[in-house]
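**Q** Got a structure here, written out as structure tokens. Questions coming.
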Amino acid sequence: MPETDEEKVRRYTECLMNGIDPKRALKRLYDLNVSPEVFKSADTYQCVKRYESSPELAKYAKRVRDKLLGGRKREKGGGEDDADIEHTALKKAKKEEVNLDEEFAEAMKSGVSAQASSAPRATVDYSKYKVVKRVEVKVEPKPEPVDVHEQQASSSSMSYQREHQKDYAPVVPTCKPSGQPKKAIPQSKSLHADENMFKPRKERQKVFAGRRKRVGEGVSTLVSLCQTVLMSHIDMIDHVGIVPFDLLKPVLDHASTDQLRHILDVNPMLVEDADEMFHEMVSREFPKYANREKSGWTWREMYDRLVEKKQKKENDKLEMLTSRIGKSNSAQSQGRQTMVIDMAHTRVRSKSFFNTVKDSQVKMSATPSALQLSQARKNVKIEGKAQLRTITPRGGGVPSTSRSRSNNNNNMNNGLVVKKTAPLMAKCKKMLKR
């Protein structure tokens, strides 16, 4: 179904009311040919009037307004015709007065020209041109046509405009001019930031650490003064007598756990009231146990039990750590160690030989030193083999292979270990024999 003109008027009026593309809506309303009753039912005049103050949309709004007012004039007809007749009558009276003035001026000119030309003066009746006091005719301004619907909906539209003011239709403030001078607009501190930057440091505001002391805010009561003194000397609190708990509670809130226990031990009448303080301590340090129901125990006992359990757990953990650290240090201290041996082995043997030597507990003889060998080498030719045999260990000669094998086998059978000459020593002996 195509949209009717009435529906279009309502749709464009809603667009103007909500501020949705007002320029297009004003153009479409101007192009529509609809009776004024349709515009009146949709309250289009009020919506158009809002855009007359906008600099961009004032031209289109005035065109639509003139169109709406023109249609209403044609409807009213009779009442406005009477006003037009009165207005035309006033215009005619004014024109007649202007014509009389013009005739008088022409007559005066004609008289002057006649005297100059010395022509016979014509008889002119100047009585009708006698200047009298001009009657001032007050022309009343033409009253603007006021719509009946506008008067009815004035209150509702004004309230709606106040609640829903748009950015494109600013409200011009109506203020009466006053003779008093205007107050200076306070400037922000950021404008003077550059000026303060180039000033010396002495003029700048000093910065202090900590909280600002509250001095002179008000006169404190005697009770509050006493409480502040007690807060700074909690260790000196002893038996308080019949002082109510409400006065001591602000002081006890600042006390440590040991101080609170000492005060409660001295003043047993405060134990029941102070049990809630231990409940708060449990909820703060051990939140898992805060919602338990009391059954024959107090919150102080619960707190002491939990603290003891926590300390025991920490001590066990500390002992475990110390034992681990001690073990690690002892393991690190066992590194490479040097062993001092008094007597070196005569010959280099295999591991199996040393194991057998250990088992058989055979004593090893010391090898000859280099000095002894050098002396023996010098005296070989003189003293001969006898001296060399005295220096070298027993059996130092180089035996034959067959003989040595048979001797070894016999000795092994007897349970004795035969010492073999080292290859380097055998080589030295061969050289000495030569």
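Glycine residues also receive a Cβ, built from the backbone N, Cα and C atoms like all the rest.
What you are looking at is a predicted structure, and each value in this text was computed from that prediction instead of being measured.
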**Q** For the feature region 'Disordered' as recorded in Swiss-Prot, pick the matching range from 142-161, 182-201, 342-361.
**A** 142-161
**Q** At a C-beta cut-off of under 8 Å, are there same-chain residues at least 6 beyond the region 'BC box' (221-230) that contact it? List them, or none.
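**A** Residues 237, 247-248, 250-251 contact the region 'BC box' (221-230) from elsewhere in the chain.
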**Q** If you average the pLDDT over the domain 'F-box' (237-281), what number do you get?
**A** 89
**Q** Could you put numbers on the helix, strand and coil content of the domain 'F-box' (237-281), residue by residue per DSSP?
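**A** Across the domain 'F-box' (237-281), DSSP assigns the residues as follows: 33 helix, 0 strand, 12 coil.
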